[in-house]
Amino acid sequence: MAGSTGGPLIAPSILAADFARLADEAAAVNGADWLHVDVMDGHFVPNLTIGLPVVESLLAVTDIPMDCHLMIDNPDRWAPPYAEAGAYNVTFHAEATDNPVGVARDIRAAGAKAGISVKPGTPLEPYLDILPHFDTLLVMSVEPGFGGQRFIPEVLSKVRAVRKMVDAGELTILVEIDGGINDDTIEQAAEAGVDCFVAGSAVYGADDPAAAVAALRRQAGAASLHLSL
């Protein structure tokens, strides 16, 4: 899956940004493919971050497509409003609902792409049959809830399984990864078949976030190209 620049998609995570300067922090990653927003409710995960009002404010100050990752209970109720607000992609957790296909349908009806995410310890097999109802699969490579964690390479087996289905023409879906992505880990994720890479500290911890986005994109692109040769 190519981004707007012809390479892999890079989605800086504002969880690692300065929350007092979110408009400036969004501008600092101009050229990114998506802007990743982690919404946490303090219930599904132990941390509490931001919600719909902040997302609406961000949408008013940036043209970067908004990638909303909802780490919340009851996505059946809360996911569609993010799509209605103008988010490009709205992802919720498989573990948070008994009706993932219905939630995906409501997100799409509200005008956004629908994504489903699984925690590192959640098997993907029970959800393979419903993936055609989704536009994005977000594989968590850390335990959701906090940024700055160490990458869990074992989750790449999930990526490889879905990439095999995509390459065989059995499925059309974008594979995204979130957690511990940096210049030490992005190549192995790209080689496994990831399309979109969420990066927090690796971008916002850099002196030049936009340059960090470009560098990560180059690394992922080179690894993906090597895989296809």
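In case you wondered, yes, glycine gets a Cβ from its N, Cα and C as well.
DSSP gives Ser201 (substrate binding site) a helix state. Using a 10 Å radius centred on the Cβ of Ser201 (substrate binding site) and all shown protein chains, the other Cβ atoms total 17. The substrate binding site feature in Swiss-Prot is assigned to Ser13, His69, Gly145, Phe146, Gly147, Gly148, Asp178, Gly179, Gly180, Gly200, Ser201.
Annotated divalent metal cation binding site per Swiss-Prot: His36, Asp38, His69, Asp178, in sequence order, evidence recorded as sequence analysis. If you take the C-beta of His69 (divalent metal cation binding site) and look for same-chain residues 6 or more apart in sequence within under 8 angstroms, you find His36, Val37, Asp38, Val39, Thr91, Gly115, Ser117, Leu138, Asp178, Val198. His69 (divalent metal cation binding site) carries a strand DSSP state (E or B).
According to its DSSP assignment, Asp38 (divalent metal cation binding site) is in a strand. Look at Swiss-Prot and you will find Asp38 tagged as active site, proton acceptor, backed by sequence analysis.
In the three-state DSSP scheme, Asp178 (substrate binding site) falls into the strand class. Residue density at Asp178 (substrate binding site): 26 other Cβ atoms are found within 10 A of its Cβ, drawing on all protein chains shown. Marked as active site, proton donor by Swiss-Prot: Asp178.
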Message: Can you name every residue in this chain, apart from His36, Asp38, His69, Asp178, with its Cβ inside 8 Å of the center of the Cβ atoms of the recorded divalent metal cation site?
response: Ala11, Ser13, Leu15, Val37, Asp67, Cys68, Thr91, Leu138, Val198
Query: Counting Cβ atoms within 10 Å across all protein chains shown, which of the binding-site residues Ser13, His36, Asp38, Gly145, Gly180 comes out on top?
result: His36
